[in-house]
Amino acid sequence: MTDVYKVPKGAKKRAHIDNDTYEKWYQESIRNPDKFWKKHGKRIDWFKPYSKVRNASFDGKVSIKWFEDGQTNVAYNCIDRHLKKRGDQVAIIWEGDNPYDDRKITYNELYEHVCRLSNVMKKNGVKKGDRVTIYMPMIPEAAYAMLACARIGAIHSIVFGGFSPDALAGRIVDCESTFVITADEGLRGGRKIPLKDNTDKAVDIAKRDGVIVSNVLVVRRTAGKVAWYDERDIWYHEAMAEAKPDCPPAKMKAEDPLFLLYTSGSTGKPKGVLHTTGGYLVYASMTHEYVFDYHEGDIYWCTADVGWVTGHSYIVYGPLANGATTLMFEGVPNYPTPGRFWEVVDKHQVNIFYTAPTAIRALMGAGNDHVTKSSRKSLRTLGSVGEPINPEAWEWYYKVVGDKRCPIVDTWWQTETGGIMITPLPGATDLKPGSATRPFFGIEPQLVDAEGAVLEGATEGNLCISQSWPGQMRTVYGDHERFVQTYFSAYKGKYFTGDGCRRDKDGYYWITGRVDDVINVSGHRMGTAEVESALVSHDAVSEAAVVGYPHDVKGQGIYCYVTLMEGVEGSEELKKELVKHVRGEIGPIASPDKIQFSPGLPKTRSGKIMRRILRKIAEDDFGSLGDTSTLADPAVVDDLIENRQNRK
Ligand code: 6R9
């Protein structure tokens, strides 16, 4: 394996940013952030220009404001401002689950759809600041819904279509959302997902918990049969046909909320990560342009789902703010065949392609033929996001998919950061497989030890960011104290990411994974506590402890240690039932991979579960369990080892 891949000549010549420019801009952005961002804040249009740039403190109560006296509108920036120059250019290419199903939507058409939908929402009482829940498949209407919210100043909260009715209800209740947009059914890999049915169930659960959803707007996607409640449900196509095709964009303050997105942490229920208007859009659009080296006319494809932050920033807001053509894919990588991605690349002549390591590993396993029978000549930049990419998968992506022509941008960031934070730039950065390389403009990473001491040079530690950037989350919805506690209490005056990281002698960053109880399963972020509470909500379960373990395709798999109630016998049947139960509570993305019935869990005398030991056993690496002297009952460990479920 090669250690370093130099910037390809072609990439250097074409790129917006070469290495000298990177160095120069980066230094400027750190030395004088106000000056730097004052200039780059102007990349979006403002109704009222800002005079203040940055007003942020990571101490005490923590307050983060960018461009605070400016006024703008995100939908205006993503649509209206492009109409004169590129009204007839395609804004969204939609590629359906079925390879014969596609659609192209121009900026003019996007304008009309979004305006009509804005009027539909207004007519049904949605106002500035209201929370609108979006539970949709990957269809253009999902993007219209986001942009229509942005246009009228409503705050959207997208819930990934793979979440269960319970999970959807929890999110509706947390932000007291009374308007839901969904579809009759979703379609992925030929399988139908009962979105309306799930929504009906969620609305009932929410009602029980005191939140009454007044309207459910339903897009007809498959025309499958759904239950209908006249007093509440509205067909999208009927309402849209009656709505007016123009709607003025609301004047939004830079710090008005744009969206909420629920994400998992190490404790408690998922938190509503809140992003605001001005800074977020500046950061999403700027990173989209420079990280992918986006040029006018490029066809850009990010394979994420709009239910995750990657879909927000890099399918919808970043690309559309830049006037790009963004491809939205309804399906899955291996349907109808594992060649699907590359067929779509050729079909739409995709130039920039952004996906997740889990997809790369799965396709790598399906064999090179599926790739090599496509041309892929249009490809120029490849991207990776969601979890660390192992060097083998990186090399395959680079050599087989990219024919050694295309730089890979391994982009590290989080729901909380709003946009890409550590990443190569295609024309500037020599690449090392497995490294996210260097910080983006304005980002100052610090590695700290457990006591909070800042480590210098080549080292390894916990990854913090020492100063604010425009795309940063502003609070946890409805719980600012939790925001401060979660991100700013471990290391004073710094944002703590929850990730571990190594820095090498060249100053390159290598993310080593989460250092908290968050696991990353196929790029889906999950709290082990969430899976545990789903397990113990089953009648047969008395206690559960969940850890991640290395998984060839998913990155991490879900390993569950389950202690059953007195008198209950463990069986293969019961395992199946527990898997089904967890899927029902959280959603199919949280399916346990391994369940081990364990009469006891390794606990300290004060009753704390020693997860370190459980992780080791799940990894089938029990030779070095470390210090077990604090265990209340060391015999428990022998039983766990004997009955381990992941034998290599
Ligand atoms: C964008 C997104 C965030 C967590 C993050 C980290 C992991 C994301 C990564 C990466 C290594 C990368 N992560 N990108 N780890 N290299 N390029 O994925 O947001 O769903 O909030 O997950 O994902 O552990 O802390 P989110």
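One-based numbering along the chain as shown.
Every residue gets a Cβ built from N, Cα and C, even glycine.
When the domain 'Acetyl-coenzyme A synthetase N-terminal' (22-78) is classified with DSSP, helix, strand and coil residues number 26 helix, 11 strand, 20 coil. According to TrEMBL, the feature domain 'Acetyl-coenzyme A synthetase N-terminal' maps to 22-78.
Here TrEMBL flags 80-468 as domain 'AMP-dependent synthetase/ligase'.
Taking a C-beta cut-off of under 8 Å and a sequence gap of six or more, GLY190 (CoA binding site) has these contacts in its own chain: ASP97, TYR335, PRO336. The CoA binding site feature in TrEMBL is assigned to ARG188, GLY189, GLY190, ARG191, THR310, ASN334, SER522, ARG583.
Marked as ATP binding site by TrEMBL: GLY386, GLU387, PRO388, ASP410, THR411, TRP412, TRP413, GLN414, THR415, ASP499, ARG514, ARG525. For the recorded site, THR411 (ATP binding site), the DSSP three-state label reads strand.
Residues or ranges marked as domain 'AMP-binding enzyme C-terminal' by TrEMBL: 530-608. On the 0 to 100 pLDDT scale, the domain 'AMP-binding enzyme C-terminal' (530-608) averages 94 in this prediction.
If you look up TrEMBL, you'll see VAL536, HIS538, VAL541 marked as Mg(2+) binding site. Sequence-distant neighbours of HIS538 (Mg(2+) binding site) (same chain, 6+ residues apart, CB-CB distance under 8 A): GLU577, LEU578, HIS581. Reduced to three states, the DSSP call for HIS538 (Mg(2+) binding site) is coil.
Under the three-state DSSP scheme, LYS608 (N6-acetyllysine) falls in the coil class. Sequence-distant neighbours of LYS608 (N6-acetyllysine) (same chain, 6+ apart, CB under 8 A from its CB) do not exist here. Summarising the annotation, TrEMBL assigns N6-acetyllysine to LYS608.
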Can you go through the recorded positions GLY386, PRO388, THR411, SER522, LYS608 and pick out those with a C-beta less than 6 angstroms from ligand 1?
GLY386, PRO388, THR411
Beyond the listed site residues VAL536, HIS538, VAL541, identify every same-chain residue whose Cβ lies within 8 Å of the center of their Cβ atoms for the Mg(2+) site.
ALA534, LEU535, SER537, ASP539, ALA540, SER542, ALA544, VAL562, LEU578, HIS581
Spatial neighbours of THR310 (CoA binding site) that are distant in sequence (at least 6 apart) but have CB under 8 A:
CYS302, ALA304, TYR354, VAL385, GLY386
Whole-number answer please: how many Å between the C-alpha atoms of VAL536 (Mg(2+) binding site) and ARG191 (CoA binding site)?
30
Tell me the Cα distance separating PRO388 (ATP binding site) from ASN334 (CoA binding site), rounded to the nearest angstrom.
22
Please tell me which one of the binding-site residues listed here (ARG514, SER522, ARG583) sits closest to VAL541 (Mg(2+) binding site), measuring Cα to Cα?
ARG583
Per the record, CoA is bound by ARG188, GLY189, GLY190, ARG191, THR310, ASN334, SER522, ARG583: how many Å separate the farthest pair of Cα atoms?
24
GLY189, GLY386: which of these binding-site residues has the sparsest Cβ neighbourhood within 10 Å?
GLY189
